[in-house]
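Data first, discussion second: the structure below is written as structure tokens.
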């Protein structure tokens, strides 16, 4: 059904999007926690920062990433020298661009679900002997799970469809950073590529739908476990 | 069992609590907004007082001078809140076992079964929390607190959020708990009858974030000024009596200092001791033993004290055997009877006046 080139593009796209989601999840949890629970001053600043990728043109975000983490930047050079981590023109760069673009979409539902939790239930857990960390693990996180799942799905979809920041920061290198949207774009650019593009578009639709259905199934299961109906 | 002396600031509200209760069951009484829940939250460690000292069942959990501050999860407090606050993502059985999971010594299976039996929640174990009724949820919450193996149980108006029928469903379980377990209990209520029924030994009264009374419930009942406008009419005496048996017409026969008393039937066996809450305003006085009256209870005694109470009322204290009984009559009546200390007098109490009262069933004040 898929030829080798298509399979490679699909596989690369999934790898990029899943890496983006996995790596941004802990940070998104921390940011959502801070925004939902902390009463400290930095909240406004963090809130603005988190939402920045949502309002900036993706190309601008990509360019800023390039300036900050490109090989010639001090931070980029340091990461390369210390961890062997390069982003620019590398698949990790595509993942980073997807993670940054999906970050606000992931933080928001998690934050909303954290805010919806009755903190008095957490107090009850504390009186039953749960230390603050155990309260988070056994009460807060499970109760926030629907929001966490929703955030992950949104971020995954965003990373899968990311175009502007990726092409600016990681470029359009076949087999390295050419994800589904970039490949579709490339095929449309060449004469006679429409058929190829159409096939990739079909794949793209199928993957997105599958992600939606999977998240719906998980959400239903969570709901059923909770008996909220 | 509970001793504390703390200062706390809540918004613009300065709170200062000092109390020392050595009884196993302590009742915390006061109108809404008096700071009852805040006091419990301080005891449980959910909030930290500005300064002071808190001792629970002989263990110091907070002392600002010595720098002691035991966090909430190490205080071993079983806290039953006004709303059940069950974990919505866990079923009933997992809610019940939640505390045991953190307790150092896990309770034996027998203990789990005993608590489940006592609270009649065996049929609910596999149910989800969302499907429970208010009364069921509150019983599960009590079980959850008990199974965490607490050193003290705090019951924060556990009946307040329930309607009358659910209240009647849960109350017997709490009553059983306060009577049969050995656990120190602090029971909070703004309902006097509930309070006397469950915590009839030591009462702590709060008003505006202060302790205005801490002592025996009998002494508390004699203080209409502390009862508040809502309950001032309930001022009176707790009368000790022993159940003799059931009488005809749906009554129980009681013995009070060798004299018979009849009250609407009690469900306790003969030999059981009860405390009757007798409102001072429900007691009528007579110079001679009245005949041909509907009231069934006539207690012979002597005038122990006469106290003026405002412009119109007089509070007469009778000595009946070793007990005291307060009667509140008009000043005019007192003058007509020409009452004097030491003189014999008869107290007349309608049986039905006792029906509306709380039955305090714990033995010995």
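Glycine too: its Cβ is placed from the backbone N, Cα and C atoms.
Annotated domain 'ABC transmembrane type-1' per TrEMBL: A:10-218, in sequence order.
Away from its own ends, the transmembrane segment (A:12-36) comes close to residues 42-43, 46-47, 50, 91-92, 94-96, 98-99, 102-103, 106-108, 110-111, 114-115, 148, 151-152, 155-156, 159-160, 175-176, 178-180, 207 of its chain (Cβ-Cβ under 8 Å, at least six residues beyond either end). Residues annotated as transmembrane segment in TrEMBL: A:12-36 (among others).
Proximity of distant same-chain residues to the transmembrane segment (A:48-68), defined by a Cβ-Cβ separation under 8 Å and at least 6 residues beyond the stretch ends, is recorded for 31, 35, 75-76, 87-88, 93, 96-97, 100-101, 103-105, 107, 162-169. Residues or ranges marked as transmembrane segment by TrEMBL: A:48-68 (among others).
Annotated transmembrane segment per TrEMBL: A:88-107 (among others), in sequence order. If one looks beyond the transmembrane segment (A:88-107) by at least 6 residues along the same chain, the residues whose Cβ comes under 8 Å of a Cβ in the stretch are 12, 15-17, 19-21, 23-25, 27-28, 31-32, 35, 50-54, 58, 61-62, 65-66, 69-71, 76, 151-152, 154-160, 162, 165-166, 168-171, 173, 176-177, 179.
Residues or ranges marked as transmembrane segment by TrEMBL: A:133-157 (among others).
What TrEMBL records for A:197-219 (among others) is transmembrane segment. Outside the transmembrane segment (A:197-219) by six or more residues, the chain places 2, 6, 9-10, 13-14, 146, 149-150, 152-153, 156-157, 160-161, 180-181, 183-184, 187-188 with a CB less than 8 A from a CB of the stretch.
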